[in-house]
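Student: Below are the features listed in Swiss-Prot for this protein:
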{"type": "BINDING", "residues": "Gly435, Pro436, Pro437, Asn438, Thr439, Gly440, Lys441, Ser442", "note": "ATP binding site"}
{"type": "COMPBIAS", "residues": "582-591", "note": "compositional bias 'Acidic residues'"}
{"type": "DOMAIN", "residues": "409-559", "note": "domain 'SF3 helicase'"}
{"type": "MOD_RES", "residues": "Ser81", "note": "phosphoserine"}
{"type": "MOD_RES", "residues": "Ser89", "note": "phosphoserine"}
{"type": "REGION", "residues": "147-310", "note": "region 'DNA-binding region'"}
{"type": "REGION", "residues": "582-607", "note": "region 'Disordered'"}
{"type": "MOTIF", "residues": "88-97", "note": "motif 'Nuclear export signal'"}
Amino acid sequence: MADNKGSETDGLHEWCLLEADCSDIENDLDTLLEQNSDSDVSDLISNDGDLEQGNSRELFQQQELEESNALLQSLKRKYISPKAVLQLSPQLESISLSSDHKTKRKLFAEQDSGVELTLTNETEDVTTLVQQEEEVPALETSSTSNLRKEDNAHYKELMRCSNLKATLLSKFKNAFGVSFVELTRQFRSNKTCCNDWVVAIYGVNYDLFESSKQLLQQHCDYIWVTEMSAMFLYLLCFKAGKNRQTVIRLLVSMLYVAEEQILSEPPKLRSTVSALFWYKGSSNAATFTHGSYPKWIIEQTLIGHQTGEAATFDMSTMVQWAFDNDLTEEADIAFQYAKLAPDDVNATAWLAHNNQARFVRECANMVRYYKKGQMREMSMSAWIHFKLEQVEGEGQWSTIVKFIRYQGINFISFLSALKDFLHGKPKKNCLLIYGPPNTGKSAFTMSLIKVLHGRVISFVNSKSHFWLQPMSEAKIALLDDATDPCWIYMDTYLRNGLDGHLVSLDCKHKAPIQIRFPPLLITSNINAMAEPNYRYLHSRLVAFEFPNPFPMKDDDTPEFELTDQSWKSFFKRLWRQLDLSDQEDEGEDGEPEKAFRCVARSTNEHL
């Protein structure tokens with residue numbers, strides 16, 4: 001009994017395994033795990049991370065393409081279809097009563113208006129039209145950028161031209177069919193004032209052009225504005241007279257254009273054709289007008305004005321014109337006034353007169369009388385101020401100071417002598433500048449005489465009794481290059497004149513007159529102060545020596561530019577040091593002086 005351990009059941013070991021069978025293969029853990037994971041439904045869930053897209057993306061792309069093509073076809077049919085009939089049905093295009101068969105070209109895609117999807121869409125093949133249809137402008141560009149590009153294109157086109165004015169005149173004539181010169185008269189100076197101005201501007205922003213119609217109303221009594229082919233035309237009748245510079249600055253600030261894009265001249269006031277252009281143009285629908293017609297347009301368009309009597313010549317009008325333009329010579333007056341005949345009725349009447357030469361001589365004499373009276377009425381300070389106002393531009397006053405110091409002259413001493421010289425102080429009103437040749441004596445004195453509009457006397461005319469006559473018509477005079485015979489003559493006959501006393505001066509066709517010599521500049525190669533023979537002139541002269549040669553640059557231009565602008569800056573800078581009076585103190589209660597008038601007409605008429 002003790003030998004039989006456990007229990008033995010016969011027959012049970014045949015259907016029940018009491019022990020597991022061991023093998024070497026089952027000892028591999030990886031193999032065991034793989035075997036445990038196997039099942040009949042193992043492919044039900046895929047654990048693969050890389051999935052293929054399939055045809056869904058391609059399908060979406062095809063749908064988007066179809067929608068885009070449909071939208072494009074609708075836009076083509078709406079905007080670039082050559083005939084409105086095709087918008088209804090292409091089948092109507094094939095119906096024709098004539099035998100004229102035109103070539104066809106397929107323009108649209110397969111999808112059409114929906115009448116017949118299988119019908120081929122055709123349109124006329126006009127070569128020029130198809131070329132224009134193919135060029136569809138981009139829709140994404142904004143209107144503002146287009147305006148800027150258009151303005152820049154106009155300006156760049158203008159800048160590429162060699163002659164800007166000729167280009168603008170050509171564009172104006174092409175736009176309006178009439179020359180700009182035929183509508184306007186020419187003003188040479190930019191500072192000449194006029195109430196009426198004709199302005200042509202090329203390449204203006206349209207929005208700014210529209211706003212200018214309202215902004216200009218506060219400046220003008222009458223406005224005439226139109227636009228054609230990028231050229232904008234203005235007729236402006238200002239409430240107050242303006243010069244060209246003022247008008248251009250106003251329009252540049254208002255329209256944001258460059259001065260090179262503007263043509264500005266006053267209109268022709270006596271031309272019937274010009275007046276009819278403005279009158280008929282005002283009835284155009286594209287023309288904007290504000291205010292009543294100016295007087296000169298009404299006069300030119302009235303029938304009574306055309307049938308009136310011929311105008312008679314008015315001498316005072318001619319004299320006033322010559323005085324305003326500072327013309328005193330007969331030849332200049334005759335030539336310049338004859339050029340005004342197409343625009344000025346009085347000039348036309350003068351040309352038709354038999355006594356043209358007599359009128360010219362009398363006009364020149366009257367202008368000289370008026371100019372001489374105007375000069376005598378002014379003091380030296382007023383005369384210098386009056387002449388400096390006529391000098392345009394600015395210069396450097398230091399150029400004159402450097403030149404004086406270059407010649408070794410104490411500037412304070414020279415300034416003191418110049419002050420006594422300009423004031424005509426007795427025995428101090430004659431300034432002598434001497435030195436070797438080519439030292440700049442004549443250049444220095446001539447530049448001063450030029451800016452002050454003085455007179456030059458020459459000893460070569462000393463045999464004549466009238467060689468000193470120009471001194472009676474000037475505020476300052478110059479005797480250039482005095483030699484020994486000249487010094488002897490002055491020592492013999494001109495001592496009283498250099499003293500600043502009254503002398504008797506013989507003038508042509510006149511009795512001798514009583515005058516005082518104006519301040520006299522003398523240049524010479526002889527130092528009269530060192531000559532004992534001229535000892536009586538020593539107390540009557542103030543002398544300065546120019547010992548150094550006048551310097552020149554490598555390009556043969558002067559080192560010191562003695563210009564009108566330099567003298568203008570010199571006098572303005574040293575006005576108080578020269579003891580010149582203030583112009584406000586010379587007026588009556590500070591009131592502005594009125595312009596001189598010598599014409600028998602009302603003040604509000606046009607010149």
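For all residues, glycine too, the Cβ spot is worked out from N, Cα and C.
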Student: Does DSSP give Pro437 (ATP binding site) helix, strand or coil?
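Tutor: Assignment for Pro437 (ATP binding site) reads coil.
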Student: In sequence order, which same-chain residues at least six apart have a C-beta under 8 angstroms from Gly440 (ATP binding site)?
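Tutor: Non-local contacts for Gly440 (ATP binding site): Phe403, Gln407, Phe546, Phe550, Phe560.
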Student: Can you tell which of the binding-site residues (Gly435, Pro436, Pro437) has the fewest other C-beta atoms within 10 angstroms of its C-beta?
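Tutor: Output over binding-site residues Gly435, Pro436, Pro437: least Cβ neighbours within 10 Å is Pro437.
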Student: For the recorded ATP site formed by Gly435, Pro436, Pro437, Asn438, Thr439, Gly440, Lys441, Ser442, name the remaining residues of the chain with Cβ within 8 Å of the site's Cβ center, in chain order.
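Tutor: Output for this site, in sequence order: Thr523, Asn525, Phe546, Pro549, Phe550.
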Student: Going by DSSP, give the three-state secondary structure for Ser442 (ATP binding site).
Tutor: helix
Student: Measuring CB to CB from Lys441 (ATP binding site), give everything in the same chain under 8 Å that is also at least six residues away in sequence.
Tutor: Ile433, Tyr434, Gly435, Thr523, Phe546
Student: Given the binding-site residues Asn438, Thr439, Ser442, which one is most crowded in terms of C-beta atoms within 10 angstroms?
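Tutor: Checking each of Asn438, Thr439, Ser442, the winner is Thr439.
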